[in-house]
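> Feature table excerpt (Swiss-Prot):
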DOMAIN    24-169  domain 'MAM 1'
DOMAIN    168-329  domain 'MAM 2'
DOMAIN    340-498  domain 'MAM 3'
DOMAIN    507-666  domain 'MAM 4'
CARBOHYD  N134  N-linked glycosylation site
CARBOHYD  N329  N-linked glycosylation site
CARBOHYD  N524  N-linked glycosylation site
REGION    665-686  region 'Disordered'
SIGNAL    1-18  signal peptide
Amino acid sequence: MLLEGVLLVVQALQLASALDLPAGSCAFEEDTCGFDSVFAFLPWILNEEGHYVYMDTSFARQGEKAVLLSSDLQAEEWNCLRLVYQITTPPGSVSDPSQLNLYVRFEDESFDRLLWSTKEPSDSWLIASLDLQNTSKKFKILIEGVLGQGNTASIALFEIKMTAGYCIECDFEENHLCGFVNRWNPNVNWFVGGGTAKNTHSVLPQDHTFRSEHGHYMYVDSVYVKHFQEVAQLISPVTTASMSGCLSFYYQLQQGNDNVFSVYTRDMAGLYEEIWKVDSPGNAAWNLAEVEFSAPYPMEVIFEVAFNGPKGGYVALDDISFSPVHCQNQTGLPFSAVETSCDFEIGLCNFYQDKEGPGWTRVRVKANMYRAGDHTTGTGHYLLANTKFTSQPGYIGRLYGPSLPGNMQYCVRFHYAIFGFLKMSDTLAVYIFEENHVVQEKIWSVLESPRGVWMQAEISFKKPMPTKVVFMSLCKSFWDCGLVALDDITIQLGNCRSPARLPPPPGECTFDQDECAFTQEKRNRSSWHRGRGETPTSYTGPKGDHTTGVGYYMYIEASHMVYGQKAHLLSQPLRGVPGKHCLTFFYHMYGAGTGLLSVYLKREEDSEESLLWRRRGEQSISWLRALVEYSCRRRHQIIFEATRGVSIRSDIAIDDVKLQAGPCAGMEDTTEQSSGYSEDLNEIEY
């Protein structure tokens, strides 16, 4: 049977009966298996003959929701959640189609995390495969249907199944084939082999799982090949959680010299990367292949066979598995993102400098009105080159990163700031060095940059040999030797530019795309504005955002307000939960007439808000980090209130808001604080 996408998932109708389904699963044969409709929304209706639940226009209007909530679940091991569903729309184009969303609700979080969302209509059942990371926390699965436009719109759920393991694993014994799909080609395609399937063109092997003619596997052969380089692709489900480890599978080749069997990854931007290729003709036995696999963001695994002609034989595939440890054939040290990151709050981490020469200097700056502090907190440590101790003409400062394994894609992110008014050519550059400190390549150098603004740089690279990332600062002469600062270095696997598949959780917002789930309360009040760069009024407000230096932040424009006027920015309603929560955000209060910035907790049905945190007056020219800890068992909202000060130099800004479960680390003791800057206005502590 041909595995073209839609035909494959139709076979999901033959999944195991409800009696065999594990916790968090349901086949909707007679009931909803512990999944309950949430009373605040429309109910999901169980079909009279069983088999599925649905919502449609017979009882719902456009925009109305139906929500299904599971009982408490636990997943101490990695799990795969598979959802068989169908969305129907009326014929023709629809501007507002129906939508199906799946959330995870952890017991200690006040918001739900979106795991998957689709508006894809179909005339048959489709299957979604979603990775659930192992956790010690209890959680619930929440499935939300939003009815779209059209008098025949509907959403139906046929089955939910949660099983231990990774979604990219498959032995091809179940009819849904783990969500793997064949990319249809008129001449060559992947087929299901074994069991009752027969093929008159090739003598195909027994499967690997059971070593039996009754077991199943996937295969592709060249019998219908008409042209050179006919290609067949078998595509895995998209990963939905970050993973790194060893991908293994079993394969057989016939006439291996006339075909090419390869494995690729493909991210959501469509970027392919080859991670494995067969290097021998093979034999009439199952061969084990192991390959290092890293998916720091959503991607697919593609098993591809290219035939050179009609005598290209066949390729068979079985028992795809994944382990979060490195392959047995892996040589050298494994990669660790923790070992390759540093905010310089406690020394240089795993970075080091040349032994000769003064090099980079680790410094900190107290909050003041003239010199920016570090990027991490505004008052912490960072590295500074070309200081009064190192600015001799011809000086070169090198900061070496830890060793990185070869043949892997890396993303380097760091923040830098330029100070002074001198020329900046080659003030900061990033090089790739081989293990023996031989220069490989310059991969980045600073261009013109705003002075005193922490800018984020991103660099993607891949080298076949082990390498080190080296940050180099050059002081050519007195007139070409500006101060350069470096902070918050991270090196991670993957491409920096891979697009995000899902929006950030409701508890996080950088304001770079929009205002997220925040809303304004404008009754008798002024407004928060979303802006970038400098604010319109001189000598107040930030020069750039905290996230990247060129992104967006929220601020009040004091020149549009009167003294004492307030602006409110409200979070979305948050669920009450036991335990503490930590609210982290960055604030900017610079200007001689700066007023107040306050954070309030607004409980549902309470007429008054509770003050959680406040700062009064001018604080610093830097973005400063705030940590706010609170508890609330009732439904509530967080309110950011900015109050205009005595003059137009009173712009106040916030950025990078994040809400997390648990207490804050390094919590400040004071709720309210007045002006917080240093009396030593321009002091650098070496």
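Going from the start of the chain as shown, residues are counted 1 onward.
Backbone N, Cα and C define each Cβ position, glycine as well.
In the displayed structure, how are the listed features positioned relative to their neighbours?
The average pLDDT the prediction assigns to the domain 'MAM 2' (168-329) is 86.
In three-state terms derived from DSSP, N134 (N-linked glycosylation site) belongs to neither a helical nor a strand segment and is classed as coil. Residue environment of N134 (N-linked glycosylation site) contains 13 other Cβ atoms, counted within 10 Å of its Cβ in all protein chains.
A coil conformation is recorded for N329 (N-linked glycosylation site) in the three-state DSSP classification, outside any helix or strand. With a cut-off of 8 Å between CB atoms and residues at least 6 apart in sequence, the same chain places E290 near N329 (N-linked glycosylation site), listed in sequence order.
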> I'd like the per-state residue tally for the domain 'MAM 1' (24-169) from DSSP, helix first, then strand, then coil.
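Residue counts for the domain 'MAM 1' (24-169) by secondary structure: 0 helix, 72 strand, 74 coil.
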